[in-house]
Amino acid sequence: MNNYKNTLNLPHTEFSMRGLLTEKEPKILLKWKKENLYSLIRKSKKNHPSFILQDGPPYANGNIHLGHAVNKILKDIIIKSKNMSEFDAPFIPCWDCHGLPIEHQIEKILKKKKKKVSNIEFRVLCKQYAQEQVEKQKKDFIQLGIIADWNNSQLTMHQKNEANTVRVLYEIIKNGYMYEQLRPVHWCSDCNSALADTELEYQQKNSPSITILFESKDATSILNEFHYLHNNQKKIFIAVWTTTPWTLPANQAIAIHPEFTYQLIETEKFILILEQKIVKKLLNSINIKKWKICSEIKGKKLEKKFFIHPFLKFTVPIILSKYIEPNTGTGAVHIAPDHGYEDYILAQKYNINTKNLVDERGKFKKNIHPLLNEIDVFKANKIIINILKKEKKIILSKKILHSYPCCWRHKKKIIFRATPQWFIKINHKTLQSYAHKTIESTNWIPNWGKERMLNLVSNRPDWCISRQRNWGVPLFIFINKKTRALHPNTLQLLKEFIKKIEKEGIDFWWNTNIEQLLQHDSNKYIKVTDILDVWFESGAMNIKTIYKNTKFHNERADIYLEGSDQYRGWFMSSLIIANATIKTTPFKTVISHGFTIDKTGQKMSKSLGNTISPDTIVKTMGADILRLWVASSDHTKDIVISTTSIQQICDTYRKIRNTIRFFLANLYDFNPKKDSIPINQMIELDQWAINLTQVTQKKIIHCYEHYNFHNIVNIIMQFCSIDMSSFYLDIIKDRLYTTYKDSSIRKSSQTTLYIILQALVRWIAPILSFTADEIWNFIPQKNSNYIFTESWFTQLSIYSEKNSISLQNWNCLILIRNGINKILEEYRKKKIIKNSLEICIYIYTGKSIQNILKKLKTELKFILLTSKVIIKNYECASSNAHKINTIQNIKISLKIINGIKCPRCWHYHLNNEKINTKKIQTNNNLCTRCTKNIKGPYETRLFV
């Protein structure tokens with residue numbers, strides 16, 4: 001038997017079936033760096049419309065985690081897709097370098113070395129550490145395939161950015177938004193500093209829950225208000241509930257609801273004032289069986305009645321608050337303005353000031369109570385409860401488990417502590433108005449982001465921007481020793497300091513005494529040593545600063561993209577600062593993504609031991625697998641990662657890669673300039689495939705423009721696995737392999753493969769960047785050296801209406817083919833056939849579908865991958881015929897062909913088929929079609 005292998009056009013390519021990403025990616029990165037790919041992209045997009053994605057600065061501390069990888073990969077996908085859409089889309093990475101986490105790292109290092117250093121040396125060590133962390137994280141990001149202006153990365157500790165931070169502060173002071181006030185703020189005793197809302201995390205913690213008694217100072221006045229005559233000597237108390245006994249020394253009032261009904265309850269031992277809805281519940285809890293309701297009144301009637309503190313014996317008034325919750329506690333709450341923002345605001349209405357009884361270490365100051373001197377506030381809970389018991393002023397004590405704010409660094413409970421701090425006035429009418437207008441005008445993805453941001457702004461207290469630490473940007477202000485008013489020349493001084501910061505950095509503030517800095521009146525002023533909240537710094541890093549000395553002078557960034565925790569973080573700080581300085585929003589679109597979670601729904605956390613390092617995935621599977629996982633996930637929700645999900649991504653990657661490998665393997669002898677067939681001269685199936693590619697590309701570009709990356713992966717998978725591999729490529733294999741190598745019908749299919757590949761490689765480039773780069777190097781006769789300097793492929797055409805087979809006809813043929821394939825698969829499973837070429841398919845259908853099928857003539861068999869097709873009227877179908885489920889009014893029957901298998905194309909032909917075997921020396925089993933394709937005249941086709 002002759003071997004016809006050499007007469008076939010068998011596929012061939014050096015593009016490997018296996019990705020081998022862990023071997024190839026490092027080499028690709030070296031090439032990108034050597035040839036300065038980022039610069040090449042910028043040059044290729046010069047003079048195009050700009051698109052700016054502002055990088056929310058990650059903190060320069062520790063290795064990048066999976067959340068960092070998700071964030072930077074999403075940004076990189078956007079940038080690359082925008083470049084592909086003919087935008088000039090630069091990307092300058094940023095880092096947040098000041099703040100407590102770095103201070104703590106240096107403190108740990110110094111403690112380990114048992115070394116003490118000055119504040120000046122401490123800041124030098126912080127700066128060195130931050131720079132080291134930036135370089136380490138930069139290396140991790142680069143290995144993810146993030147193409148960016150790494151050499152021009154922007155750090156908050158760069159002099160120009162520090163100067164800009166102070167410049168922004170200047171504008172805020174000038175516009176009247178900054179003020180100082182003694183006010184309760186979140187305070188961490190381990191940090192020795194105020195904390196921002198964003199530096200809190202809430203944990204389930206046990207706390208004491210106690211009900212205590214405040215005795216009425218004037219029982220007669222209370223009885224008169226209740227209109228109750230009382231002749232015995234029982235004392236009158238109001239029952240007050242609290243979960244923070246340690247705040248009782250700072251108590252200055254009792255709050256009740258003006259519209260709640262409060263009842264006067266007489267018991268055997270005393271008379272109680274309680275909110276009516278909790279009377280039975282409380283009295284049952286303290287085992288009081290005998291009691292009576294003497295009278296009742298609205299809470300507002302008790303306003304400014306005085307009661308005696310349960311153990312410090314000073315008097316406190318009743319004040320009114322509509323925030324008292326029904327069915328909770330006793331309907332009366334103790335008010336400590338030092339230790340709660342709501343308490344503070346309420347106390348302000350009654351001109352009640354703070355006491356400042358707790359120091360920065362979270363310990364009571366001296367001379368409050370003999371048992372509380374320098375006692376930690378949380379340890380004081382037990383002491384205070386014992387004091388109350390001794391005074392017989394506690395009637396109920398138990399433990400409750402509730403959500404409590406903790407320092408996100410130390411994981412310990414924080415306190416509210418009244419300290420003098422600097423604030424931005426958020427509830428300023430003008431600033432609130434700007435904020436609401438700009439939030440409304442911004443595009444939020446997901447769209448619930450708008451409502452969330454509006455609520456956060458509306459309910460946000462004034463922003464405490466001062467911190468009592470060393471490593472950060474100082475406020476650069478002076479205050480009067482007596483009045484604490486800002487120096488009258490503050491704005492002029494700030495202008496001078498900004499120029500100095502740009503030249504020297506911020507250290508001069510620490511290293512120069514007030515006499516040198518202020519000269520005149522220095523004896524009347526204090527140099528403020530507080531630093532700015534790091535969120536102020538990151539929020540102040542606007543695109544004008546980052547892209548200074550470039551052509552990008554946009555007022556606003558096109559996109560901010562960060563995790564969903566940044567609504568109250570960077571999104572908020574950026575919005576407030578922009579509203580307070582330039583009276584507009586800093587962004588046009590805000591996208592938030594979810595957290596990475598494990599398969600059980602738990603958030604990735606070191607403490608839970610469920611983290612997966614991006615570096616581990618990159619080194620074991622490749623960065624493209626990680627990138628594909630990110631793109632495949634709906635990033636607007638929390639993103640699940642597990643062994644199973646990564647394995648599914650690997651399968652997806654293989655399917656895409658192997659589809660592309662088929663394209664490349666069949667273009668080994670194709671020269672686009674010489675061999676390309678004009679669209680209108682192509683086989684109609686090829687024209688259909690190009691039309692489908694254009695339709696698909698429109699969907700993909702739309703998804704890129706709307707940041708629906710997971711839909712893009714789904715569309716590409718549908719295209720590669722179903723539209724191409726299961727249909728088009730499956731059909732054209734015969735034409736590619738068996739027809740004459742230089743025939744127009746083979747060149748038609750190769751031209752189609754080339755055109756589709758040009759589009760497909762662009763679709764995947766923003767996501768599978770390393771693989772796209774590898775593919776690009778195998779594509780013959782490219783316009784440029786890098787796929788990333790290209791634009792979306794434009795040489796895709798619409799299917800001609802003049803073609804014999806319409807698009808509707810092709811849709812019908814696909815349905816028929818899919819239905820027949822299901823039946824053929826059953827035959828294979830039952831081992832009736834091995835290959836569909838062994839059979840003749842009888843199709844029974846009506847006239848309309850017959851007309852479509854008959855248009856294809858003998859080429860119909862190539863669509864159905866069979867050796868012969870016979871079309872008959874629907875009525876001719878026997879009872880054994882198979883009904884097709886994919887389309888109505890079609891039945892088929894299958895019959896094994898009694899013929900000869902061609903050793904070259906594997907099609908079966910009948911015994912009486914005439915074969916010319918004289919011109920070529922071969923055996924009699926070669927079919928007529930193969931005979932023509934070897935020597936000529938060559939096979940011709942129109943449709944398939």
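Keep in mind that glycine also has a Cβ here, set from the backbone N, Cα and C atoms.
According to TrEMBL, the feature motif ''KMSKS' region' maps to residues 603-607, out of the candidate ranges 438-442, 548-552, 603-607. Range annotated as motif ''HIGH' region' by TrEMBL, chosen from 58-68, 300-310, 872-882, 883-893: 58-68. Cβ neighbours within 10 Å of Cys902 (Zn(2+) binding site), excluding its own Cβ and spanning all shown chains: 22. A mean pLDDT of 93 is what the model gives for the motif ''HIGH' region' (58-68). Those residues of the chain, other than Cys902, Cys905, Cys927, Cys930, with a C-beta within 8 angstroms of the mean position of the Zn(2+) site C-beta atoms are Thr738, Pro903, Arg904, Trp906, His907, His909, Leu926, Thr928, Arg929, Thr931. Summarising the environment of Lys606 (ATP binding site), the number of other Cβ atoms within 10 Å of its Cβ, over all protein chains shown, is 9.
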